[in-house]
C-alpha cells in the first residue's frame, strides 16, 4: 500500500473544520466542568472482553494481540470502559463523570462514514431517580442552545415498552421473539400475520396502530390514552410524559417527539433512551439513556446509570465557520522577538513571520493575501 494513502475510513483534520471541532470540544468540556462533573479518561486500548455486551451491526473493532497473546482492541465505545473502571476500583458510587475521546469502529467499505469518531459525554452512575435523565438532557439542551443549534428534534423512547406489551399479551418465548423481529425490522406483512390470532385480545386495536406510533409527543400520548389500559399508561409511560413536560418547560425551543417502535441501542438499556438531530441531518448529534444493566458483565451487583454522548464530528459539521479575518504577519529582527510576540498576542489572526529578510516577509504576505506589520528599524536616507 502506498505510503501516501490513508487507511479506509480515516482522515486528516486541518484548517477551519479542525478549528471548529477543537473549539466545540472546549465549549462542551467547560460546560461539563461548570456543571460539577469529574473528568475521567480511560485508555485507548482495552481487552476485547470489556466490550462483550456491545452489539453494533456491521461494525467490528480494530484488534490486535498483546505480548501475552491476549486480544486487545482500540476502544469502540466509551461507556463500557467506565463500567469496567468502576467495578475494578475502590470508587464508591454515585459518581458524575465526563469524558472526551475517540472511539474506533471498522465499518463496511464505501459506507461513506468514518471509522474514527470523537465523542464527549457524561455518565451518572448510582442514581435511580428520573432526575438523572433530566440532568443529562438539561446539559445537552444547554450546550445546543449555547452553540446556536436551532430546529433541533429530540426523540424519546423506552426500552421496556415493548417487553411490557409482550408480557401483557402472554406470548411464549418463540412467539415473542418472532414478534419483536418482525416489529423492529418493520416487516409489516409478517407483523400483521402475527397479530391476527390476537383479534379478540383487548390490546388488538393498539397492536394494529403500534407500528405507526411515532411523532409529535402530544399526538402519541393522546393515541396511547385511547388505545391502552390506564395501568400501562401509569406504569410505563408516566416517566416519558414527565420528561416531555420537563423539556417543554426548560427548553421550549426543542421539538420533542416520541417513538415507541424503535429498538434500544444496546441490550443493556433499561428505560428511557433518546437521540437528537437537526432538520435535514443524517446523523444523531447526541444520544443516550438509562442502562441499569451496565455493570452486569463486570459484577453481580447492578447499579443504575444514565449517560449522554455527543457525536463531536456530527455537531462540528452543523456549525458555521468563524467569520473570516484577514491574516496578519508580524516581522521583526531577532532582537525584536519579544516585541513581535507581544504584537501577535494583541492582533487578531496574527502570527510571527519566520523569515530572515523584509523582502521575504513581503513576498510571504503577498502570497497568502495577508497584512504585514514590519517592526524592523528603517534605514536612514542620506
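Cβ atoms here come from the backbone N, Cα and C positions, even for glycine.
Cross-referencing 105, 255 with the L-histidine binding residues that TrEMBL gives (77, 78, 79, 119, 123, 268, 269) picks out 105. The secondary structure of residue 268 (L-histidine binding site), as reduced to three states from DSSP, is coil rather than helix or strand. Residue 269 (L-histidine binding site) has a Cβ environment of 21 other Cβ atoms inside 10 Å. For the binding-site residues given as 79, 119, the lowest number of other CB atoms within 10 Å of the residue's CB is seen at 119. When Cβ atoms from all protein chains are considered, those within 10 Å of residue 78 (L-histidine binding site) total 21, not counting its own.
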